[in-house]
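Engineer: Encoded as structure tokens, here's the structure I'll be asking about.
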Amino acid sequence: MKQYKAVNWNEPENDYALMFWEQNIKQFWIDTEYIPSKDIDSWKSLSPEMRECYKKALGGLTLLDTLQSNTGMPKIMDHIDSLQNKSVLAYMCMMEAIHAKSYSTIFTTVATSRDIEDIFNWVQQNKYLQFKASTIDKYYRRLADTDISKEDLFMGLCASVLLESFLFYSGFFIPLWLCGQGHMVASADIIKKIIADESIHGVFVGLLAQDVYKKLPNPEASKEKLVNLMNELYENELKYTEEIYTDVGLTAEVKEYVRYNANKALMNMGFEPIFKVKRVNPIVLNGLNVETTQHDFFSKKSTNYEKATEIVHLRDEDFVMDTSIAV
Ligand code: MN3
Ligand code: MN3
């Protein structure tokens, strides 16, 4: 007969669950604490092409957060033995639902009901977005069975890290780029909170993936599958980027940012970077690097946020990566 176990936080199950739990709690926020309506004048000052790009970027982000909340986190949780790690994933799952909702909080202040309807229809019909979602979901669906291979679990965890640390960034580019120049700053406060969360999610799920990787029967073959998946998604990101950024002339810079974050995803899973990155637009990096905000994994709340008690500012080193490694 199955014995049901209760989660006991007084006995550490591993050396990181409590740390991740506490860091997640420190980063807690809800969308309604922010005031994107401050951006209405800024929104009106943007060109129609820029507004279109921004809406599509946020629509795409909404889709990814919906998938992560509804499927990714719950399916992964089913296959994680540590009850404390499960609790961390459950918390992250709840934050994914807040993320998905927060884009609507931005939409409702800048877009008409008709506009909003158009964006959600566009998301449902855009082949690149649908490809992203269905490709990742394919790996999540394999986790629906109780009896899965170690490789299925590894690939499911990797799919999650690719979503968290890589696939979001073609969408994050435009709010950061605008904010770095003083546009849509209030909405960017929300986006930066999401980025801080995705950063910790990618690191945590990446650690879970690394744990499973050590136990794989044929790690090299599994790694090859991961790299193939990454390349498949990368090709799709390039096309998606062209579709939404060509009219605002930012395609080349977004692609560079996509490669930069693809490398970060690989590093979260314990692998070497494979993409050559020359120079990421400093405005986008500066979009994160304002005095009032931090994004990194060990950051506390934004100083814009009343409950902040202790602030760790971003340093330039947070963005430094070795660009000499390339295949
Ligand atoms: Mn999220
Ligand atoms: Mn996430």
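Our numbering is plain: 1 for the first residue shown, then up by one each step along the chain.
Cβ atoms here come from the backbone N, Cα and C positions, even for glycine.
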Engineer: Let me know which member of D65, D78, D118, D137 TrEMBL also records as binding Fe cation 1 at the site of E96, H99.
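Structural biologist: Checking D65, D78, D118, D137 against TrEMBL: the Fe cation 1 site match is D65.
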Engineer: Among E164, E232, E235, which residue does TrEMBL annotate as binding Fe cation 2 at the site that also has E96, E198, H201?
Structural biologist: E164
Engineer: Identify which of the following recorded positions, namely H99, Y103, E198, H201, place a Cβ less than 6 Å away from any atom of ligand 2, and list them by sequence position.
Structural biologist: E198, H201
Engineer: Compute the mean position of the Cβ atoms of D65, E96, H99, which form the recorded Fe cation 1 site, and then list in sequence order the other residues of that chain whose Cβ is within 8 Å of it.
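Structural biologist: These residues sit around the Fe cation 1 site: L64, T66, Q68, S69, M95, A97, I98, A100, S102, I194, D197.
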Engineer: Other than E96, E164, E198, H201 themselves, what residues in this chain have Cβ atoms within 8 Å of the centroid of the Fe cation 2 site's Cβ atoms?
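Structural biologist: Going along the sequence, the neighbours come out as D65, Q68, M92, M95, H99, S160, L163, F168, D197, I200, G202, V205.
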Engineer: In whole Å, how far does the CA atom of Y103 (active site) lie from that of D65 (Fe cation 1 binding site)?
Structural biologist: 10
Engineer: Within 10 Å of the Cβ of D65 (Fe cation 1 binding site), how many other Cβ atoms are there?
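Structural biologist: Its Cβ shell of radius 10 Å holds 25 other Cβ atoms.
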Engineer: Could you tell me which of these binding-site residues, E96, E164, has the fewest other Cβ atoms within 10 Å of its Cβ?
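Structural biologist: Each of the binding-site residues E96, E164 was scored by Cβ atoms within 10 Å; lowest is E96.
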